[in-house]
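Q: Have a look at this one.
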Amino acid sequence: MTSPIIAGTVPVSTLGTPRIGPRRELKAALESYWSGRSDAAALLDTCARLRAANWARQASLGIANIPSNDFSLYDHVLDTAVMVGAVPSVYGANEGSVGLDTYFAMARGSTGDVATCAHGHAHDNGAGVPALEMTKWFDTNYHFMVPELERGQRFRLASSKPVDEYREAAALGYRTRPVLLGPVTFLTLAKSRDPGFDPVSLIGDLLPIYGEVLRRLAASGATWVQMDEPCLALDLNAVTQAALREAYGFFAHALPQIQIMLTSYFGGLGGNRDLALSLPVAGLHLDLIRAQDQLDDVVAQARPGLVLSLGVIDGRNIWRADLSRLLDRLEPVLRRRGTDHVEIAPSCSLLHVPIDVEQEADLDPEVKNWLAFAVQKIGELTTLATALSYGRAAVEERLAASDAVVAARKASAKVHNAAVTARLAGVTPEMTRRASPFAERRLAQGRRLSLPLLPTTTIGSFPQTGEVRKARAAYGKGALDSAAYEAFVKEETARTVRWQDEIGLDVLVHGEFERNDMVQYFAEQLDGFAFTKHGWVQSYGSRYVRPPILFGDVARPRPMTVAWWRYARSLTDKPMKGMLTGPVTILNWSFVRDDVARSTVSRQIALAIRDEVQDLQAAGAAMIQIDEAAIREGLPLRPAEWQAYLDWAVESFRLCASGVKDETQIHTHMCYSEFNDIIVSIAAMDADVISIETSRSKMELLGAFVEDHYPNEIGPGVYDIHSPRVPSVEEMTELLERALDRIAPEQLWVNPDCGLKTRRWEEVRPALVNMVAAATGLRRRLAKAAE
Ligand SMILES: Nc1nc2c(c(=O)[nH]1)N[C@@H](CNc1ccc(C(=O)N[C@@H](CCC(=O)N[C@@H](CCC(=O)N[C@@H](CCC(=O)O)C(=O)O)C(=O)O)C(=O)O)cc1)CN2
Ligand code: MET
Ligand SMILES: [Zn+2]
């Protein structure tokens, strides 16, 4: 029997939990409110119940530091902008506290129509304003609303949310540790319309607002506050480092009664280590999944009283942990620092994993036994804490179970496919190169396709209406047979193809009605993946995904999209794009096995997609789009690691796209991409046409393509599909003119920013009609000018 290491108990913290509810209660409540089917009181009531359930669950599992203010109606960065009164003037008067309608206008934009719900409440903001820009939260598939700040920005306390939620928990009997997005990360994520202005310079003006929030939290009884500064995982310039010193110096001085747990996550402290260790905070959280190696140095250098929060359970993936191995690493740290100065936690907030694997009745039991979702991860943490506090013997059975799982997964026949390994070994450099350079391919494609100047197209999906989802759900449950489901999808597809033809689009798509999700749909047809029913993870606002679980070698048993493409092609004489998701995106939007390198998994997927590309070509497809929406998101946070990633990511794309003839036009699509840094790699993908998101940033992104002489064709999005607003002909014409200032007309395509699946037909119809009008108007002008 092992003897206890130390006398006290090791506290467990969670940093943050999923907000959406085990059955997507938040989505239902939000969408019902937005559509006017329910009122604000009903929405807020659901939210309060979700928070209470989260606190109760964590309390019952034995969590010492339960977070509050980790909940959000839409996004925690938006919450923070609202908290400090950073509400751009287009959203209304800059005084008083920010109401629900203003909040949602910032999140989603508004049409300017006022919908009246069954209770007679008006649900809109009247203004007709665009949403804030939205972009990826570090390297995750979670999106945040980008705060907009200006020179001379005034801040004010405009929301008491953190204090309200602290008190709400207290009233229920939970003493929580409130979470705030730290002021420095908030400013680094913000943007200014004035390119010469760095929002980080506003730190001195921002701190008093945070100070006031901390003071009110203290007055309400809070003693600890978690400040999230994931910017610590980035390479920071001197100005940002100074801002961190200023911020945490200010809090220590002005609010000595509040103890701050400063969290870093999504990476190691790297070059910020000495800075982080020098800050006058009470605690420091480390991500020991992404950066295991930092533990020894930090332990060696941390001042004796600093509480170290050890992020040892993966908050970004779903595999059960090797608890015995973790204890081997943790026990010496505990011996050294004692229980008063160590906590254990997930590596980051549990926002990025599903809630409870026990909800998955249909999962293959073998695979299911390998998995830990949020609830199970908390269980792993309490097991570790018990072992650390009372000795391994106190949790002998649970450790034995963990050991058994580790061994079983390693040995499982499900994981290994010799044919896949052999095929990968046979990949040659020629397989990653098109036969001819772009200039030659372009001529061959031009002859085959004879497209007009500024060809119009869309990105692939058309509205996934409630009807479409219902039909698929009914099919899944067996209430609709496969013939009836297929007939339904055919009908949707046919109507959509005909409509595109009618309004004069040049290159058509089939609409993706048969797909639940652009990654899940492919994963479901590939070997090596498992799926959940309820494993939803928030992507943005009320939009969630169920990332497939990639547990084994990936192979494609049969064609995945050819039949639907063939059907769509039969309905029109215009070019019909084949529509695929690329290997890097399938990888990045899945929970991926951790027993082989990501580069290997990526190549396996690339070979599967390569077969599909070739099958589409053989069926007659002249254009094939391979979406790589997540290629930028997968970029490591620190530039030193970029090249290694880009090398295999680009190679994977080329491996899947290069097996075709010159005359076959390969398209790719990317959204939310900050391309400036990686434009050379984007060019190296060598897609004949790329469509990108640019409308919210008003073509700013095109800069990179111009400066680096991007050689191939480009469709910079002219229509922000994330907002219900219908863009006007004038607006899109202006964006196209801006694009034409920078790139040649022969290089320019006209398309929306992204797929239209989240929009309603009522929005899509006028928007695309306007888009075609903008393109044809400009085409006419260009033709005249050429006369
Ligand atoms: N994986 C992924 N990541 C991405 C994107 C993406 O498309 N996929 N796009 C970017 C933006 N992110 C997005 C993420 C999700 C959605 C989205 O639309 N999600 C849908 C769910 C999509 C889905 O899986 N649909 C399934 C299940 C639909 C469903 O909820 N069915 C109901 C029943 C149907 C009903 O009665 O309405 C049920 O299961 O209970 C289907 O269509 O089959 C949603 O939250 O509403 C859009 C964009 C970046 N990241
Ligand atoms: C998130 S990128 C989406 C690409 C996909 N083809 C669609 O149109 O929905
Ligand atoms: Zn997209």
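Glycine is no exception: its Cβ is also placed from the backbone N, Cα and C atoms.
Reproduced below are the annotations present in TrEMBL:
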DOMAIN    13-334  domain 'Cobalamin-independent methionine synthase MetE N-terminal'
BINDING   ARG24, GLU25, LEU26, LYS27, LYS136, TRP589, GLU633  5-methyltetrahydropteroyltri-L-glutamate binding site
DOMAIN    454-776  domain 'Cobalamin-independent methionine synthase MetE C-terminal/archaeal'
BINDING   ILE459, GLY460, SER461, GLU512, ASP627  L-homocysteine binding site
BINDING   ILE459, GLY460, SER461, GLU512, ASP627  L-methionine binding site
BINDING   HIS669, CYS671, GLU693, CYS754  Zn(2+) binding site
ACT_SITE  HIS722  active site, proton donor
Q: Taking 8 Å from the centroid of the Cβ atoms of ILE459, GLY460, SER461, GLU512, ASP627 as the cut-off, which other residues in that chain fall inside it around the L-homocysteine site?
A: THR458, VAL509, MET518, MET579, GLN625, HIS669, CYS754, GLY755, LYS757
Q: Of the binding-site residues LEU26, LYS136, ILE459, TRP589, GLU633, which one sits closest to HIS669 (Zn(2+) binding site) when you measure Cα to Cα?
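A: So, of the listed binding-site residues, the one sitting closest to HIS669 (Zn(2+) binding site) is ILE459.
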Q: Closest to LEU26 (5-methyltetrahydropteroyltri-L-glutamate binding site): which of the recorded positions ILE459, GLY460, HIS722, CYS754, going by Cα position?
A: HIS722
Q: At the level of the C-alpha atoms, what whole-angstrom distance separates GLU633 (5-methyltetrahydropteroyltri-L-glutamate binding site) and CYS671 (Zn(2+) binding site)?
A: 10
Q: Please give the average pLDDT for the domain 'Cobalamin-independent methionine synthase MetE C-terminal/archaeal' (454-776) in this predicted model.
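A: Here the mean pLDDT over the domain 'Cobalamin-independent methionine synthase MetE C-terminal/archaeal' (454-776) amounts to 96.
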Q: Fill in the CA-CA distance, ARG24 (5-methyltetrahydropteroyltri-L-glutamate binding site) to GLU512 (L-homocysteine binding site), as an integer in Å.
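A: That separation, Cα to Cα, works out to 24 Å.
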Q: Counting Cβ atoms within 10 Å of each candidate's own Cβ, which of the binding-site residues GLU633, GLU693 comes out highest?
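A: In terms of Cβ crowding, the pick is GLU693.
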Q: Here the binding-site residues are LEU26, LYS27, GLY460, CYS754; which one has the lowest number of other Cβ atoms no more than 10 Å from its Cβ?
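A: Fewest other Cβ atoms within 10 Å, among the binding-site residues LEU26, LYS27, GLY460, CYS754, is found for LYS27.
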Q: Between any two of ARG24, GLU25, LEU26, LYS27, LYS136, TRP589, GLU633, the residues recorded as binding 5-methyltetrahydropteroyltri-L-glutamate, what is the biggest Cα to Cα distance in Å?
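A: Greatest Cα separation within the listed binding residues comes to 28 Å.
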Q: Express the distance between the Cα positions of ASP627 (L-homocysteine binding site) and the residue listed as 'active site, proton donor' as a whole number of Å.
A: 18
Q: In the structure shown, with every protein chain counted, which of the binding-site residues LYS136, HIS669 has the densest set of Cβ atoms within 10 angstroms of its Cβ?
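A: Buried the deepest by this measure is HIS669.
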Q: Rounded to the nearest angstrom, how far is the Cα of ILE459 (L-homocysteine binding site) from the Cα of LYS27 (5-methyltetrahydropteroyltri-L-glutamate binding site)?
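A: The separation of the Cα atoms works out to 25 Å.
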Q: Between GLU25, ASP627, which of the binding-site residues has its C-beta surrounded by the fewest other C-beta atoms within 10 Å?
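A: Across GLU25, ASP627, these binding-site residues, the one with fewest Cβ atoms within 10 Å is GLU25.
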Q: Which recorded positions from the set GLU25, TRP589, CYS671, GLU693, HIS722, CYS754 come within 10 angstroms of SER461 (L-homocysteine binding site), judged by C-alpha positions?
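A: Cα within 10 Å of SER461 (L-homocysteine binding site): CYS754.
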Q: Name, in the order they occur in the sequence, the residues of the same chain whose CB lies under 8 A from the CB of ILE459 (L-homocysteine binding site) and which sit 6 or more residues away.
A: VAL509, GLN625, ASP627, HIS669, SER691, ASN751, PRO752, ASP753, CYS754, GLY755, LEU756
Q: Roughly how many angstrom lie between the C-alpha atoms of TRP589 (5-methyltetrahydropteroyltri-L-glutamate binding site) and CYS671 (Zn(2+) binding site)?
A: 14
Q: Out of GLU512, CYS671, CYS754, which binding-site residues lie by ligand 3, with a C-beta less than 6 Å from some atom of it?
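A: CYS671, CYS754, by Cβ distance under 6 Å.
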